[in-house]
Amino acid sequence: MAFQDLLGHAGDLWRFQILQTVFLSIFAVATYLHFMLENFTAFIPGHRCWVHILDNDTVSDNDTGALSQDALLRISIPLDSNMRPEKCRRFVHPQWQLLHLNGTFPNTSDADMEPCVDGWVYDRISFSSTIVTEWDLVCDSQSLTSVAKFVFMAGMMVGGILGGHLSDRFGRRFVLRWCYLQVAIVGTCAALAPTFLIYCSLRFLSGIAAMSLITNTIMLIAEWATHRFQAMGITLGMCPSGIAFMTLAGLAFAIRDWHILQLVVSVPYFVIFLTSSWLLESARWLIINNKPEEGLKELRKAAHRSGMKNARDTLTLEILKSTMKKELEAAQKKKPSLCEMLHMPNICKRISLLSFTRFANFMAYFGLNLHVQHLGNNVFLLQTLFGAVILLANCVAPWALKYMNRRASQMLLMFLLAICLLAIIFVPQEMQTLREVLATLGLGASALANTLAFAHGNEVIPTIIRARAMGINATFANIAGALAPLMMILSVYSPPLPWIIYGVFPFISGFAFLLLPETRNKPLFDTIQDEKNERKDPREPKQEDPRVEVTQF
């Protein structure tokens with residue numbers, strides 16, 4: 001908590017805080033573009049079996065009697081239960097007798113059929129090329145589209161573990177810059193992948209870097225923020241997701257080839273990597289990790305960028321050591337290991353509850369976000385609506401962070417999310433508008449709850465173990481994200497089953513917030529001792545105290 005007093009010695013850092021937050025937010029937009037990429041690159045177009053008499057260019061009119069395309073389709077492809085051409089079967093031999101039925105429904109159950117042994121013909125109106133058309137991920141292989149989404153989310157799960165550990169050890173800025181370069185390289189290579197296996201491997205590596213980027217971006221913003229800027233800073237760090245999803249819909253609408261789309265969202269990372277050298281390391285992290293000289297250097301840089309010309313006079317090593325005396329003494333001690341953290345009942349309880357609530361929210365969040373094709377016919381419009389409602393939720397977040405209790409607001413939002421998801425089950429496919437409204441409302445509730453959860457998680461965990469704890473939370477969140485696309489495979493057995501799973505978890509997790517402490521308008525904990533002192537003296541800070549009031553700026 002003494003770090004806030006140290007920032008007071010540095011003067012008003014609002015200019016630096018805004019500039020660094022804006023830079024990180026712009027970079028985060030590029031990161032979020034990768035999250036929902038498979039909504040378009042793995043789009044499943046309409047398809048049917050390739051048949052010789054219909055699709056072979058060498059077949060002449062003499063062979064077919066100049067029959068129309070509809071007639072040739074009728075004798076070559078059987079109809080499914082909805083009287084539409086089958087997607088995965090064809091007649092072994094042309095059924096010429098079907099030409100003379102005059103509109104009656106044919107009985108083709110006795111006709112010999114076979115799978116699409118010669119491949120498929122795809123409807124390329126929506127997309128000229130996707131990974132589905134590239135590697136024929138349809139029919140028996142259609143579940144591989146969920147696998148493609150799963151491997152990216154699995155990479156995010158691993159990134160949540162590695163990112164937190166490496167960030168605590170090497171610093172926020174170093175991990176950020178490394179991950180920018182990693183996404184640039186593996187994302188570009190994914191566009192040129194010759195096989196589905198190589199593509200999935202590269203997307204896995206992209207997921208590792210993407211999660212580390214998001215986690216470290218939020219931490220870097222939060223750890224430089226004064227109390228007055230804390231809520232707005234975290235909110236600005238979350239806004240890029242909505243902007244990115246709307247941007248992705250526009251890019252996918254303009255670029256219908258998955259190779260080019262993959263390149264467009266990956267190549268800019270080379271520029272981001274070069275420009276990220278402007279970012280400053282977290283002075284709070286440096287001081288807490290017993291590097292006061294380096295922390296002082298970063299503080300002076302921040303003060304200079306905010307226009308403070310006398311930073312060297314107002315910020316000295318003596319002032320830093322006297323202000324942060326307790327924190328520096330704590331830094332001399334060995335950091336708690338993961339096993340030691342598990343023996344801290346209160347910290348362990350908080351991490352467990354945060355992890356479960358994040359798991360439930362992310363299961364629903366990605367269940368909606370990764371399956372826009374299951375919710376509406378126009379994936380471009382629905383993705384844009386999703387992005388808009390996420391952005392709106394993030395705009396509402398500063399008000400919610402300032403005026404609403406953390407626990408009550410998150411509990412209500414999770415209940416709303418559960419209701420929307422479970423209601424989708426009872427809305428027929430024909431009522432597309434209502435399904436889209438419910439999905440959009442549910443996603444907005446999930447996005448707002450997610451922003452509040454990031455703030456709440458930062459507020460209940462001390463700085464010295466915050467990155468590690470957030471890494472654990474991110475791991476559970478990304479386990480849910482990885483499982484979300486796999487849940488859709490269960491629709492083969494029962495179409496409502498995935499949506500039941502998506503809806504039940506948020507409902508249960510809503511009650512878990514009652515077990516977490518209320519942290520609105522309270523400063524961040526820097527050490528384990530700060531957290532213990534707060535439990536011994538849990539007095540609410542006065543609202544009029546400018547040091548602890550959370551305002552928009």
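Backbone N, Cα and C atoms are what each Cβ position is placed from, and that goes for glycine too.
As annotated by Swiss-Prot, topological domain 'Cytoplasmic' applies to 1-15 (among others). Averaged across the topological domain 'Cytoplasmic' (1-15), the predicted model reaches a pLDDT of 60.
The annotation transmembrane segment is assigned in Swiss-Prot to 16-36 (among others) on the grounds of sequence analysis.
Swiss-Prot lists 37-143 (among others) with the feature topological domain 'Extracellular'.
Note: Asn39 (N-linked glycosylation site) has non-local neighbours Leu248, Ala252, Asn369, Leu370, Val372, Gln373, Val379, Gln383, i.e. same-chain residues 6+ apart with C-beta under 8 A of its own C-beta. Summarising the annotation, Swiss-Prot assigns N-linked glycosylation site to Asn39 (among others) and lists sequence analysis as the type of evidence.
Swiss-Prot lists Asn56 (among others) with the feature N-linked glycosylation site, giving sequence analysis as the kind of evidence. The local packing around Asn56 (N-linked glycosylation site), expressed as other Cβ atoms within 10 Å of its Cβ over all shown chains, amounts to 11. Asn56 (N-linked glycosylation site) falls within neither a helix nor a strand when secondary structure is assigned with DSSP, and so counts as coil.
Residues or ranges marked as N-linked glycosylation site in Swiss-Prot: Asn102 (among others).
Swiss-Prot lists 144-164 (among others) with the feature transmembrane segment, giving sequence analysis as the kind of evidence.
Annotation comment: Swiss-Prot describes 165-177 (among others) as topological domain 'Cytoplasmic'. Taking DSSP states H, G and I as helix and E and B as strand, the topological domain 'Cytoplasmic' (165-177) has 12 helix, 0 strand, 1 coil.
What Swiss-Prot lists as transmembrane segment is 178-198 (among others). Long-range neighbours of the transmembrane segment (178-198) within the same chain, counting only residues 6 or more positions beyond its ends whose Cβ lies under 8 Å from a Cβ of the stretch, are 27, 31, 34, 131, 134-135, 137, 144, 148, 163, 205-206, 208-210, 212-213, 216, 258-260, 262-263, 265-267, 269-270, 272-273, 276.
Residues annotated as transmembrane segment in Swiss-Prot, with sequence analysis given as evidence: 204-224 (among others).
According to Swiss-Prot, the topological domain 'Cytoplasmic' annotation covers 225-233 (among others), on the basis of sequence analysis.
Annotation source Swiss-Prot lists transmembrane segment at 234-254 (among others). Sequence-remote contacts of a segment are chain residues at least 6 beyond its ends whose Cβ falls under 8 Å from one of its Cβ atoms, and for the transmembrane segment (234-254) they are 21-22, 24-26, 28-33, 35-37, 39-40, 217-218, 221-222, 225, 261, 264-265, 369, 379-381, 383-384, 386-395, 397-398, 401, 447, 450-451, 454-455, 458.
The topological domain 'Extracellular' annotation in Swiss-Prot covers 255-259 (among others), and the record cites sequence analysis as its basis.
Residues or ranges marked as transmembrane segment in Swiss-Prot (evidence: sequence analysis): 260-280 (among others).
Per Swiss-Prot, the feature topological domain 'Cytoplasmic' maps to 281-350 (among others); the stated evidence is sequence analysis.
What Swiss-Prot lists as transmembrane segment is 351-369 (among others).
Remote same-chain partners of the transmembrane segment (351-369), defined as residues 6 or more beyond its termini with a Cβ less than 8 Å from a stretch Cβ, comprise 35-36, 39, 153, 245, 341, 375, 386, 410, 414, 417-418, 421, 439, 442-443, 446-447, 449-450, 453, 456-457, 460-461, 469, 472-481, 483-485, 487-488, 498-499, 501-503, 505-506, 508-509, 512-513, 515-516. Under DSSP, the residues of the topological domain 'Cytoplasmic' (400-407) split into helix, strand and coil as follows: 6 helix, 0 strand, 2 coil. Of the Cβ pairs linking the transmembrane segment (470-490) with the transmembrane segment (260-280) and spaced 6 or more residues apart, fewer than 3 are under 8 Å, so the two regions do not touch. Taking H, G and I as helix, E and B as strand and the rest as coil, DSSP gives the topological domain 'Extracellular' (370-378) the counts 4 helix, 0 strand, 5 coil. In the topological domain 'Extracellular' (255-259), helix, strand and coil residues by DSSP number 2 helix, 1 strand, 2 coil.
Contact between the transmembrane segment (496-516) and the transmembrane segment (408-428) is supported by 3 or more Cβ pairs under 8 Å, counting only residues 6 or more apart in sequence. By number of Cβ pairs under 8 Å, the transmembrane segment (408-428) is matched best by 437-457 from the list 204-224, 379-399, 437-457.
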